[in-house]
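Visitor: First, the structure itself, so that you have it in front of you.
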Amino acid sequence: MPLFWPSSLKLVRHLSPCTLRSTAIRTPWEIPASTLLFRPSHSLSFPPQSEDYTDMASKEGKSSKMSFQLKTPKGTRDWMGPDMILRESIFKAITDVFKRHGGTPLDTPVFELKEILAGKYGEDSRLIYDLADQGGEDCALRYDLTHIKRYQIAKVYRRDQPAVAKGRMREFFQCDFDIAGTYDPMIPDAEILRIIVDVFEALDLRDYITIKLNHRKILDGLFAASGVPEDKIRTISSAVDKLDKLPWDQVKAEMEEKGLAPEVADKVGEYVKLNGGREVLETLKADELLSANEDIQKGIENMELLFKYTDAFEVSDKISFDLSLARGLDYYTGLIFEIVTPLSSAEGFKQSQKKKSKSNGDKSDDPNVGVGSIAAGGRYDDLVNMFSKKRQIPCVGVSFGVDRIFTIMKTRMELAAKESNTTVRASEVDVFVMAFGGKGFTGLLPERMSVANKLWNAGIKAEFAPSVKPRLPQQFKLAEAGGVPLAVILGEDELAAGKVKLKELGLPDGHPEKEGFLVSQDDLVAEIKKKLNKST
């Protein structure tokens, strides 16, 4: 037998979601994060005779007592309550749009062979999480969700400095939609842009987004025409891509550090500062220096087609043609785009000399860190060919950053709740079944269960206090804490008459239905559905 076993009470109160190993049974046992309601701020200690937990104590060397802070790793978080409900609603809105456009789901392993990932991301390869040798294979955690003819929603990973409060995480959800196959130019690209607008319209964010887009052939052609050596195009692209975060003089300095002549950097600057709509195309077409570059001319043709198709899809008003957009990933071959909001840029952008906040591993309070883009993507016609030389499959796709979208939506939701003096819902329960009575009150538990069961059978989300004889204020408090909109209140006299009280919670004083109204049990389901439909 092990010398020390923690009690079940200690497990519930103290243990974080880690693996404890017993030398007696030789197998690990897990405490999943979903079983914990909270993480206490104090440390957990094991007595020195607890030799069965040597794996956990090894970091403490020869010390007679070890302790650790119960928390999630930097750049990760637990999800529960109102946050989980909001995140699930985001997933549903995005998935509904994906299905509307003919998408079918795909699920793939969370880790992949490192050799496959490493060739896709250029300078961003340093952000890939490596895993130790897995049975003779070097693997890495999923970096993104690139795939063919499918949509996918799953967690991905970045080995980066997090800013949790701004949705910049090391572990986060990504929702991808990709169209693969041979089509006439720019038709699937335009549909991807329509999908983007549909998603943010479903999330009530259409008015807040801008789709910044560029074309890889145009960008590379501009660099070549400006005198950028071919072997420096990718590194210079990476510098130019920072123009939304840094002023031009800092971007130019980085380009010069990478070996670009100052006069060439200035010429690049003349072009990459251009942004707008169709007028940017007209400016490029009128530039004699660019007229002989085949890549630029091909890119201009594509962009003219794209604007024609986005007019048909009624999304051109959301587009900004931005020649500074470069995207860091090496596999893009044509259209590239990012979706931004007013929260995307860092607060420190306008005051770049402002001293950065102290680093504690989380850059949430750093004014030089913004939410960033909330979706991005582009065309990657050569990616499949990297792994199968006999197959050339053109692809275009978009990735939505759910955690960043969540950050924006949660802020809006909390402001709206504050302005309306309402509670952010902590569950999706629509009805709380209560009971009250005077002297000799039994709690009416079987009756509450029966009514809840009736509502469940009708597809209504309902709950009741899990105690035999709860006090009425306690029941109202539970309903209020969960943001439940309706209450069904049972009383002995009312039940004897075949009736219950239906009450809408949160109504202001003086409202004619503030105290609720009696309804027959036969009509209860219909009345509740009428109320719920009215509220939506």
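Just so you know, glycine gets a Cβ as well, placed from its N, Cα and C.
What TrEMBL says about a protein is an automatic prediction, not a curated fact.
So TrEMBL says this about it:
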- ASP144, LEU145, THR146, ARG158, GLN174, ASP178, ARG327, TYR331, TYR332: L-histidine binding site (BINDING)
- 75-343: domain 'Class II Histidinyl-tRNA synthetase (HisRS)-like catalytic core' (DOMAIN)
- 430-530: domain 'Anticodon-binding' (DOMAIN)
- 49-68: region 'Disordered' (REGION)
- 350-370: region 'Disordered' (REGION)
Visitor: Please report the DSSP secondary structure of GLN174 (L-histidine binding site), reduced to three states.
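Guide: Reduced to three states, the DSSP call for GLN174 (L-histidine binding site) is strand.
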Visitor: How would DSSP class TYR332 (L-histidine binding site) in three states?
Guide: coil
Visitor: Within the chain of ARG327 (L-histidine binding site), which residues six or more apart in sequence place their C-beta under 8 angstroms from its C-beta?
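Guide: For ARG327 (L-histidine binding site), the qualifying residues are ASN214, ASP241, ILE336, GLU338, ALA376, GLY378.
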Visitor: Say we define neighbours as other CB atoms within 10 Å of the CB. Which of the binding-site residues GLN174, TYR332 has the fewest?
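Guide: Among the binding-site residues GLN174, TYR332, the lowest count of other Cβ atoms within 10 Å belongs to GLN174.
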Visitor: How many of the residues that make up the domain 'Anticodon-binding' (430-530) does DSSP mark as helix, as strand and as coil?
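Guide: Here the numbers are 39 helix, 23 strand, 39 coil.
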